[in-house]
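Q: Got a structure for you, written out below as structure tokens; questions coming shortly.
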Amino acid sequence: MRGDSFIWSLATAIPLLSTAVESLQVVKRDNPSVLGFDIERFQVAKPIHRDIIAKRASTKTISQDLDNQKNLYFCNLTLGTPPQTIRAHIDTGSSDLWVNTAESRFCSSRRAPCSQGGTYDSSSSSTYQLVNNDFNISYVDGSGATGDYVTDVINVGGIKLKDFQFAIGHTSSSPLGVLGIGYEAGEAQVTRSGDQSYPNLPAALVKAGHIRSNAYSLWLNDLSASRGQILFGGIDTGKFQGKLQTVPVLHTSRGDYTSLVVALTGVGIRTGSDGSIDTFPSQPVAVAMDSGSSLSYLPDALAAKVYNSVDAVFDPANNLAFVPCSMANDKRKLVFTFSSPQIAVGMDELVIDLGPDANGNEATFRDGSKACVFGIAPAGSSISILGDTVLRSAYLVYDLDNNEISIAPTRFNSTETNILEIGTGENSVPDATGVPNAVTSAQVTQATGLPGVETGVPGSRPPSSKAAGQAKRPDFVLGVAAVGLAGAGMLFAAM
């Protein structure tokens, strides 16, 4: 989810972020403390617009499948007694679980917009308790929610937690509940008024003894896959290639950790069969590794270099770039470097088909070729983000206890499973190796515009600098122009 309440982009000067390096520990145990469950692709309308958000009986690894439909990742959980089913958007870029209530004006409208994600009714639960009325979260695009913090029973991945705190959106403009699993310091009640934090889901699992460390791994799988997986307290070596390499999370200039941000030290494009990479010149950039963002957002100047390398056409009205849908078959890869580990992203993961509009029409270029969204957008003045278009190509371990993220190339559609428990302490196994001399400071994004990038506005003539047959500009954008892209410039703030 783009941004949160620490609001990196409000600094008047470019701050430096720094950290000390510690190590992720992974322990092989006969009975690992890991909770795992699937995350799923869940069908929603206008998924890119929603960038607002954007089982283990005898073990302690908590596993959950992830739904993955139209670029949003969800998990299934229940709240209350008797259980009420919720599908919540998994978000490493925020920290609260919040859900809609059916009685809100938004959810009770004739279109029933909240039916897919589910709603929570406190009056129907015998274990509900009110905490306070202080829940208040909003996004720059105007969407958000206000309501109550409450406690109730939660059941996720077969694990039940009593008196678990979450929020109810009595007033909401989003149909989707969010399961934020970032730092407790990023919770809305902390960032809004400086209130004491509470144990969100990863911390509550540690507190209850279900996992040993406030850490989890994320495997989104490829764009066409219906499911991925999240493991709280563990990793699955069957889901990645090679070894995990560990880089530090960057802290703010105040010295605290509020978001899962690392130093992106290089971006390039792999063009040759020899594996050589043409790197775009850039200083290290602070980027959030954010599963709640469908697209990825790079500094304007860097995004411009990427666009020029793939002949993308930028539509400033929507803050989106377009490419021919046939580019999904291009064999080039964008390569993202983090001091040492790299994520190589194929074009088939970056080219997003919007599908037809309500009238069955599809976006096309003037030459008749079908137009698709390119999965990289300019960050403007907001913090840069690597969202699902990049994270699908990586296996990631978020270690909130040690303020680290471990990275390895993913194994798409792997059916192999070898679960290891994440323990406590330092340097316990070779599966996660600290990167020597990792970059520990980086610049926050600055808005510079997109110099040298071909632009196109729906309905305009092709740019005169290119022949009409070369100009790759969409004739129209499927309803996006009217609503904008909610993910652009998003951040949390108190209403």
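Glycine is no exception: its Cβ is also placed from the backbone N, Cα and C atoms.
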Q: Write down the single range among 111-134, 447-470 that appears in Swiss-Prot as region 'Disordered'.
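A: Checked against Swiss-Prot: region 'Disordered' maps to 447-470.
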Q: How long is the line from the C-alpha of ASN136 (N-linked glycosylation site) to the C-alpha of ASP91 (active site), rounded to the nearest angstrom?
A: 17
Q: Need the DSSP three-state call for ASP290 (active site) to compare against my parser.
A: coil
Q: Quick one: of ASN76, ASP91, ASN413, which recorded positions lie within 10 angstroms of ASP290 (active site), measuring between C-alpha atoms? Sequence order, please.
A: ASP91
Q: Quick one: Cα separation, ASP91 (active site) versus ASN76 (N-linked glycosylation site), in Å?
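A: Answer for this pair: 14 Å between alpha carbons.
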Q: If one measures from the C-alpha of ASN76 (N-linked glycosylation site) to the C-alpha of ASN413 (N-linked glycosylation site), what distance in angstrom results, rounded to a whole number?
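A: Their Cα atoms are separated by 21 Å.
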Q: Indicate whether ASN136 (N-linked glycosylation site) is helix, strand or coil by DSSP.
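A: SS state of ASN136 (N-linked glycosylation site) = strand.
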